[in-house]
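Asks: Structure incoming, see below.
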Amino acid sequence: MKAESASSQNEIALKLKSPKRGMPHYLRKDWQLYLLLMIPLSFVLLFKYAPMSGLVLAFKDYKIARGFWGSEWVGFEVFQEIFARHDFLRAVRNTLMLNGLDLIFSFTAPIILAILLNEIRSVRFKKVNQTLLYLPHFLSWIIIGAIAYQLLGEGNGMINNLIEMMGGNRVPFLQEDTHWLFSYLAIGVWQSMGWGTILYLASISSINPELYEAATVDGAGRWRKIWNVTLPSIRVTIVTLLILNLGRMMDGSFERIFALQNKATTEYTTNIPVLVYRWGIEKGDFSSAIALGLFQGVIGLVLVVMADRIAKKLGQDGLL
């Protein structure tokens with residue numbers, strides 16, 4: 001006991017005598033790591049934070065002739081104007097609807113696919129499938145839109161040609177609101193499903209094999225192992241990605257809408273990013289466009305914080 005107390009006293013004395021090491025010490029010691037950190041940090045500061053100075057235009061009646069600082073300060077009048085517009089309400093409704101449906105289908109599909117891929121025993125077959133599933137992620141939405149019109153177009157689409165050859169009527173997959181909505185969701189799932197499995201497969205691969213062995217000893221079948229071992233083990237990953245996806249509920253994909261829209265489907269294709277483009281680029285109403293973008297960002301931040309708080313109250317690991 002005396003030896004233990006003496007050693008503990010020596011450790012305390014050494015800690016008290018050791019000098020405090022400040023930031024200069026760590027900069028000299030790990031300067032290579034800090035130098036590498038400067039590259040992404042500079043990117044974030046230059047392209048994310050520096051443009052935020054333009055948010056002041058949301059509170060001004062911006063005129064190009066008067067300039068950035070010469071335009072009249074109007075406070076929240078711009079926000080009051082855009083909130084009263086009919087196209088704003090329609091854009092918010094469409095954004096929430098499309099992102100909500102995307103959250104149901106495009107968020108759950110990678111989880112199911114990752115579990116199914118994990119159950120494949122042939123390594124070669126699994127790698128081939130993963131490669132084919134990852135490819136759509138690397139295609140731009142303009143290319144995907146062109147492919148969609150070649151396959152689903154009402155006039156000369158390959159699928160409609162097959163339907164007509166079998167005696168059926170052509171289906172307006174991309175020319176009618178309801179059909180367009182289903183096509184939009186299906187194309188989104190196809191494009192993002194494979195790439196979304198990467199994090200889930202990495203999380204599944206880190207599960208202790210002894211858990212599966214114990215489940216086998218207890219007589220659990222394949223579905224029981226998935227339900228009682230796999231899903232609980234990747235729960236943290238699921239919750240984290242769910243919080244991030246909830247933060248994008250007011251965002252929407254401008255490229256995806258822009259590539260698949262047409263004049264017949266404007267009822268669903270006017271979301272917040274599209275409205276920002278129309279007000280800012282097409283009409284030159286920069287104050288309204290910036291105010292709408294600011295509103296979108298604030299609501300996204302609120303949704304992330306709320307989702308994080310709810311996850312913590314339910315006993316899950318939060319993000320913040």
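Note that Cβ sites are derived from N, Cα and C of the backbone, with glycine treated the same way.
The transmembrane segment feature in TrEMBL is assigned to 31-50, 103-120, 132-152, 181-205, 226-246, 286-307. The annotation domain 'ABC transmembrane type-1' is assigned in TrEMBL to 92-307.
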Asks: Which of 103-120, 181-205, 226-246, 286-307 shares the most C-beta pairs under 8 angstroms with the transmembrane segment (132-152)?
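Replies: Comparing 103-120, 181-205, 226-246, 286-307: 181-205 has the most Cβ pairs near the transmembrane segment (132-152).
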Asks: Sort out the residues at least 6 away from either end of the transmembrane segment (181-205), same chain, that have Cβ-Cβ distances under 8 Å to it, and list them.
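Replies: Beyond its ends, the transmembrane segment (181-205) has Cβ neighbours at 98, 101-102, 105-107, 109-111, 113-115, 117-118, 130, 132-137, 139, 141, 144, 148, 152, 173-174, 230, 233-234, 236-238, 241, 253, 256, 260, 268.
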Asks: Where else in the chain does the transmembrane segment (31-50) make close Cβ contacts, counting only residues six or more beyond its ends and a cut-off under 8 Å?
Replies: none
Asks: Give residue numbers and ranges for long-range contacts of the transmembrane segment (286-307): same chain, 6 or more residues beyond its ends, CB-CB under 8 A.
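Replies: Residues 54-55, 57-62, 78-79, 81-82, 88, 242-244, 246-251, 272, 275-277, 279-280, 319-320 contact the transmembrane segment (286-307) from elsewhere in the chain.
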